[in-house]
């Protein structure tokens, strides 16, 4: 009898917990569903998009181009430990990294990249550069030693779903296993500098160049640069649909950012030394003196939020606070399609 | 109304490969780390409760301090040890389930030991006096003492498992949340939330709760049968 | 078993300060006194579970001490399992069977020891210590939780143990009547010291000290 009673209490507790969780979720999904019938539902992407407050206001400007590069980690790089002492015997899977990069830049890889997004979003999320490096040699099959490839990449690549889509083709054909570690570009690069990655896929030219200059990357056979810039998409400037700063009508992206700063309209910054963050820094009027350091925005805290969070968290924050935000387009579209942005 | 709940059930029933993997990795990590922590922490806590010297009292204080170590600090420490340029890089534990287990064991063992210590302390005098009175050896006395903790062991285990399965700070640093390898429920919830997929995050949360609930019910039943 | 000198202090309080006591084999000695007089400390020193600050208990070659603490503790397992812990080879042998029967616990043999009442637990603990083979026994208030028939049964078992095994038994007790029935020798303690000692019948009938007279008077009234 006693056992039965305990079981009932436990089940009740579970039911209450499940209900409370479900109640939380309904807050986020319910309004979206109701709004499907409103005339505002003009896009065909998703029903949630109709309820979206945060929208793309400015895009496709040349200064908003977002270029991704692949770099192979140099096994003889000047690795140092936390105390700054040299470390010689860092284990790097160079063969695996080379095979992965070769495949990404082969006909098969580039075609798959160009195609990604058509099925889900009706447009490609990434565009292959016209001058993308190209590989047409052989790619070796994986061996036990070269099988595990550690790829350090940015959240924007990972969250876009590109790798989930691409990797099975590569892994099934050649027997490798790509272990994807994702963080902001700054952290993703630091991760490689700590010897935890064999290749990196990032999107911050200045940080990539520093990485190369410091000797952490090397030129793979068949290529003529350490930095293999191969695809791009565009950053998009998003904000509340009513656009109080009027950025949608700005002549250039730089003008748009200047208008936000002039009017002190709320802006959410990643603040995490990611590729998106470094791009954003380059778009503010120079006299504001905004850099990746938190100190540089100390005077602007009334409108500028230095959040130190991932893209998704920042998008949610911007949506909640009716703020402007710079995002890569792929993450914005997936975030929006997943129902992450709600009124 | 119950979208998330329905989605959670649908996901579970569909046997989604990614989700199955996340659940399995979570279980593997939580069970391994909680059992190892129990195996180390129980004798340790019993020893701490039985000792009477000043050194033991100092160790008890050290242990209680370790009980409060923030998981991210433990995670950072393990990261620095195991990372490609760290002193323990030859173990190759970074971004592996084994590495996560090490970090978890470091976190949970003091909690197990502390719980056992305070419980055993309430028993040790009576047990020791009684055992001594009928001429039992030290070893047998210690074994009897451990046996007397059988009810508490389950409670302590649930605490350990609960910590292991719910922890996110240390496992995300040491595990790296790598898909199909080290992504566990908590890190997956973070990841899905960051992608704006709150529903899937909540679905995972429900599964996490249900898993822990099942374990709780099972353990309670065993506990009642063992403690007679 | 004897004590030449034993002093035990807790902080500034002297709980025990005794010298020159002997507990010969074949004799039952009752230790009496008000609460906090040092009876239990003396029992613990004799049992070896408390280490005195000065001096200590001395055992001659071949002497062994069994001890039943004031608080009877039941281990997990059945009553039989608990009693067997005290027996040779930890087996529930014939001797255990006899003791359990004599103490009226037979029907509880297969019961979980943790679920026994206070009196049952105390009887089980007595059976457990009597199941062993000792030259000396130290029993701290073994019958405090027992009713009269059980108390008498327990006393019979103690007396039998004393005679059959030629064992020296020390019984800490609050009961003057029990001391009269059971003990050959009696010790009266107060403030950690032995105030009066001698043949039980003699000192309990004709106390020589005011402390013991007062103690007996209060209990008598």
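Just so you know, glycine gets a Cβ as well, placed from its N, Cα and C.
Values in this document were obtained by computation on a predicted structure and should not be read as measured data.
Given the ranges B:94-113, B:114-133, the record in TrEMBL names B:94-113 as transmembrane segment. By the count of Cβ pairs under 8 Å, the stretch nearest in packing to the transmembrane segment (B:154-180) among B:61-82, B:94-113, B:200-222 is B:94-113. As a quick check, the transmembrane segment (B:94-113) and the transmembrane segment (B:61-82) clear the bar of 3 or more Cβ pairs under 8 A, pairs 6 or more apart, so the two touch.
With a cut-off of 8 Å between Cβ atoms, the residues of this chain six or more beyond the transmembrane segment (B:200-222) that come close are 4-5, 7-8, 11-12, 19, 22-23, 26-27, 154, 157-158, 161-162, 165-166, 185-186, 188-189, 192-193.
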